[in-house]
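As annotated by TrEMBL, ATP binding site applies to ALA39, GLY40, ALA41, GLY42, SER43, GLY44, LYS45, THR46. According to TrEMBL, the feature domain 'UvrD-like helicase ATP-binding' maps to 18-273. If you look up TrEMBL, you'll see 274-532 marked as domain 'UvrD-like helicase C-terminal'.
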Amino acid sequence: MRRPYNHISWKANMKLIENLNEAQRRAVESRAQVILVNAGAGSGKTAVLSLRLVRLLKEGISPWNMLALTFTRHAAGEMRRRIEAEVGEQRKLSLLTFHAFAASLLERWGEILGYRKNFSIYDQSDQVELLREILDELGIKRDPADVVRAFQTGRFFQSDPLFREYQRRLKEGNAFDYRGLLQSANLLLREHPAVRESYQSRFSHLLVDEVQDTDSDQWEMINLLRPSHLFMAGDDYQSIYRFRGANIDHILSFPKMVPEVEVIRLEQNYRSTGPIVEAANRLIAHNRYQLEKRLRTDWAGSVAVSVMQADTPEKEAEAVATIIKRDYGKAECRPSEMAILYRTHAQAIPLARALQLRKIPYQVVTSSFWEKEEVRHLLSFLIILHNPGDDYHLKKILPKERYSPEVLSSLNLEAARAERPLFDLLPSSWFKEHLLDLQEKLSKGAYPTVLDLAKEVDRRFQFSERYRKEGYPLKEAHLLKLFEKMGRWQGENQEDHSLSAFLRWQFTRSVQDELRDEEDSVKLLTIHAAKGLEWPTVFLCGLEQGLFPLRPALSSEEELEEERRLMYVAITRAKERLYLLWSKERTRFGRPVRNRPSQFLTEMIGTIPSPQSGSGSASHLAD
């Protein structure tokens, strides 16, 4: 039950907002029912979102009646830490990613659509592999990865036989893919009044972070929830996920579609120095399709933005490593305070090699760990213990020496005729008996944590032992690292250490979750992975026309503007020092190609100065 609004209780905590600027304070304290905060990079958006929730809690709004939706666990975790630092633990506060919220809704109501609570969620690799299987069976020659991308962006008709078969396999396996998770949650909210009213009556306050990155499904979810108070924050200048279906029109058109909305601009940057902020302003001014906003900062800064040219990517990498080695020797500069950003994953190779040669600690931040065969293999066992009806993951773990393609084909036909899961049709064997025994013990609480269960699976099926005996130390090490990640997850999640909770966490992971593994190291990552992060020193490599912006974007104004927004994201990750590098020559498709500097460089500084030497040179943006 909500307590009545108490003006004194919030004003008694003025110290919480005394350091906010006028626009931030307005965003925290506004009584408008619909608010859009157009928050520039480094303008304190997370602080504003967190303090607004703190204000609502202190005024007596129950945490049960609030829902905050974010795009990453990293953002949700940061907001929760800030909130609980002010008002203590808030277990009833729903601060979730869109996908986690959809999963919780389907766990409660999914049976209406014919799903059991123990459903699986397929990541992109699962989708590709399942589609490869279906394409082979249907005799269709298409790249399954292209089909997945078409599914993600809605470029597929539901009447298409391939799409229908894919959806049938998911439903039979009691599984969702990422998009299906959102669409099924929306279906329940849209078509079933009891579901919709349950959430509309509960959540009087909905807060949405990074609204510029919403796709059609997420935008529909916001509209279906229809709270009495809607607070959305985002930055159209940082809308960079069009390739995933994100629609910048959501944030651009909202003020026109909802005339009563209060629009608040956050333009004061607290992250970056003057030269970096001005570089960002000059760049983004070349975009036409955007809301009005201009960053400003009171931090003059003593270091200009550096532009460096190299002959080759190897020379570019050497230049970066040389600067890092020089600064690494300074007591006040740690490796973890530096990041190297790039447009494509392939650019990391010479950069990592140059750091390694100079013995500089580094981490290439990717999700590749979760793609390791031995990691996915053990996770498939856990998924089957959670959801025995998931035929796709069952096929991943069946012993190949016992289940040949011919045997599997026969079992599949039999399972289809009987309309039963493949697991039920497996003949009795030590393999099936172990799985049944694990399922029974799991149901009786024999494994209080997912780590206990994972280690028991490893012991029974002898993965680590076999890798050790067969001379695969890296595979054994990867399983140990998986156990470490499980242990860390258990330490950070005090409430629920169950298999179900772990799988939901694992399904909704992001590349930023990998940042915690190696603290004191230089980070190498793509610009997309760097969104929302910051470092004192940033190196941005490969600023060549055709690489950044990518060549296909040059023929489309819409795509070019997205590339420019991506560049804006990259340069606003830097707090104090920003190095912009490009290479005169780079190998593409197996042959060397001569490059011109990226148009983004000239948009920021005009004509690029001629180099003073063949190996590399530096120029500077004016302070």
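Keep in mind that glycine also has a Cβ here, set from the backbone N, Cα and C atoms.
Heads up, TrEMBL stuff is auto-annotated, nobody curated it.
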Sequence-distant neighbours of LYS45 (ATP binding site) in its chain (C-beta under 8 A, six or more apart): VAL37, ALA39, ASP209, ALA233, ASP235, LEU266
Helix, strand or coil at SER43 (ATP binding site) [DSSP, three-state]: coil
Residues satisfying Cβ distance under 8 Å from GLY40 (ATP binding site), sequence separation of at least 6: ASP235, TYR237, ARG265, LEU266, GLU267, GLN268, ASN269, LYS293, LEU295
Sparsest Cβ surroundings (other CB atoms within 10 Å) among the binding-site residues SER43, THR46: THR46
Surrounding CB atoms that lie within 10 Å of the CB of ALA41 (ATP binding site), all protein chains: 25
Chain-internal residues, separated by at least six, CB under 8 A from GLY42 (ATP binding site): ASN269, TYR270, ARG271, SER272, LEU295, GLU534, THR572
PLDDT averaged over every residue in the domain 'UvrD-like helicase C-terminal' (274-532): 90
Remaining residues near the recorded ATP site, that is with C-beta within 8 Å of the centroid of the site residues ALA39, GLY40, ALA41, GLY42, SER43, GLY44, LYS45, THR46: VAL48, ASP235, LEU266, ASN269, TYR270, ARG271
Cβ packing number for GLY44 (ATP binding site), 10 Å threshold: 22
